[in-house]
Amino acid sequence: MEAFLNQLPIGLSIGAVLLLIALGLTFTFGQMGVINMAHGEFIMAGAYTAYLLQDLTGRMAVIVALPVAFLVAGLMGLILERTAIRHFYGRPLDTLLLTWGVSLVLQQLARDLFGAPNVQVQAPTWLQGGIGPLPYNRLFIFALALATVVGIWAYMNRTGQGRRMQAVMQNRQLAAVSGINTGQVDQRTFFIGSGLAGVAGVALTLIGPVGPALGTYYIVDAFLVVVAGGLGQLRGAVIAAAGLGLLNSYAEFWSDASLAKVIVFAAIVAFLQFRPQGLFVLRSRALT
Amino acid sequence: MRNSVWRSGVAIAALATALTACGGEAPASESASVAGGAGDTIKVGILHSLSGTMAISEVTVRDAELLAIEEINASGGVLGKKLTPVVEDGASDWPTFAEKATKLIRQDKVATTFGGWTSASRKAMLPVFERSKALLWYPVQYEGLESSPYIFYTGATTNQQIIPGLDYLKEQGKKKIFLVGSDYVFPRTANKIIKAYAAANGMEILGEEYTPLGHTEYSTLTNKVVQAKPDAVFNTLNGDSNVAFFKQLNSAGVTAQEMPVLSVSVAEEEVKGIGVDNIAGHPVAWNYYQTTETPANEKFVAAFKAKYGADKVTSDPMEAGYNAVYLWAAAAKKAGTVEVEAVRKAAGGIAVERPEGLVTIDGENQHMYKTARIGVIQPDGLIKEVWNSGEPIKPDPYLKGYPWASGLSNG
């Protein structure tokens, strides 16, 4: 019984990890419709940022790296958007191939820069230990995911930039004729989305490997959350991440990790039969 | 099945013909028996994953093999000829291993090849080497139950690593064991052997869990392990999963004292990536550690650090790759030629002092006599030996010498 009850907070904490890796994608994929396969490598860039900062800040690297990784990954995203992706808007399959190629290049670049073996990022000592089945580092990720969601919500709904971003997403042509510089909004959206991947990467150093292949382990899960939650829907992403986390936790508890993956995929396929557009659907008057 | 093997054979042969045709330089009369031996150098192949998910491990083995070649060349080469390595990338993709092996044999006409890491890559290369009657030296511990006449296995088979690991746990009074492994052939075969051993030795298996390769979410598994309260965990996870598993186990408050996790795929190189905070105190089972005290090892560690950097560590698979080159050279010297059949015949019984101690080639199954060593991970990231088998153990890939294991080899 205790083991069974433990799975509840464990499921929610798995959900927090899923949410954190998917939040960036709700911008680039959800808002802009860009299938960015290199999103995982932006997560990796965040993790390596924490690794590099370690020399300067010691065990505090994980905290200091959060804003730095946001900038590093954000700039990488911005460069990718300006040099390549913007020429492929409206061509999702080409974008997919392009960004997949970019992701391979970035992985090999990491291998050349940092070596093929994993590196270690030391966690702050005050993150050791835990309450019940939840270690402090999981609670930290939980809090970080929560804070990020609140931050994004405030940005989208309480600032002019955020409102313009929503306007472009809902109806690009109308936003453009209303005087919004849609190209600039695209850049900003891509910067923020990629930057959030960097933040997720820093958090993941607490629980997972830090190596060139890091991004590949999380990219599929990130897309799952966004698709199940509904494109561009913050609310949807939060609920989908929590739901998938719990489903994963209990499915693995009753079967095993391999079967749990199958169950989660099957559940998503079944769910999309009933709600092809995910949990929440953006209602817009745009002609698409 | 037979049909498809035959067809892929035709495909490979066709590919090889095409490749040779492209090469076009080798005279057609040159027969396979003098492969690699023509001219004043001898070509040897090195085939490891230098890209993809396995690169993390295999690059270091390549480095060790290149070091051995360099050392042998510095002391006069083999049969008066210098060795020239031809390095190919298996790219963590099993069909690529078969393709590159064919290229090394047919186009480069290498005298022998050192390569592979995963059992999948070895299984992919095996038919290529057997058909071409060419030699492969495979440097990694594996699940046993195989003995190809054209492969020399320089890593441990199960009775030189897994069974000594179990003996050690039994000696320590650990009776309730939990099995954790990656979901593919090596862990599943290893666990079959472990369960048979446990049944015969009064040990109890409390649980058996597999996770896909590359899995990184271990909180549920940790919960299961903690609730089952085993005396010890036998860990056959491979690759990056080990990092996530040990990080999450450690932050769940599991200590090596109360629940040691014995690993068979975590060596010095992996400890660095896992973070020594997360794994110090846990035992591992291998045949060699950087700290193993032999004169040959002092030399090996110093040479490796001099060539690749003072922060580099040496590990069991690297040492087995390093040995492979020396063992082949010794067999070629004894045979007086690099011709494959002569080398195979000469190899049996060759005994050489290596960094891990005395290594003898078993002429019958082409595995090595190796000393099993259990080590405990130290706070400095190195591994200290706490137990060894006293003498090199005769390799027994089919576990014929263990009554409890009858019935395993045919399943």
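Any Cβ shown, glycine's included, is placed from N, Cα and C.
Taken from TrEMBL, the feature transmembrane segment covers A:6-27, A:60-80, A:92-110, A:139-156, A:190-210, A:222-247, A:259-275.
With a cut-off of 8 Å between Cβ atoms, the residues of this chain six or more beyond the transmembrane segment (A:139-156) that come close are 12-13, 16-17, 19-20, 23, 66, 127, 130-131, 162-163, 165-166, 192, 196, 199, 203, 206-207, 234, 238.
Of the candidate ranges A:92-110, A:190-210, A:222-247, A:222-247 contributes the most Cβ pairs within a distance under 8 Å of the transmembrane segment (A:259-275). Just going by CB pairs under 8 A, the stretch in A:60-80, A:92-110, A:222-247 that sits most against the transmembrane segment (A:190-210) is A:60-80.
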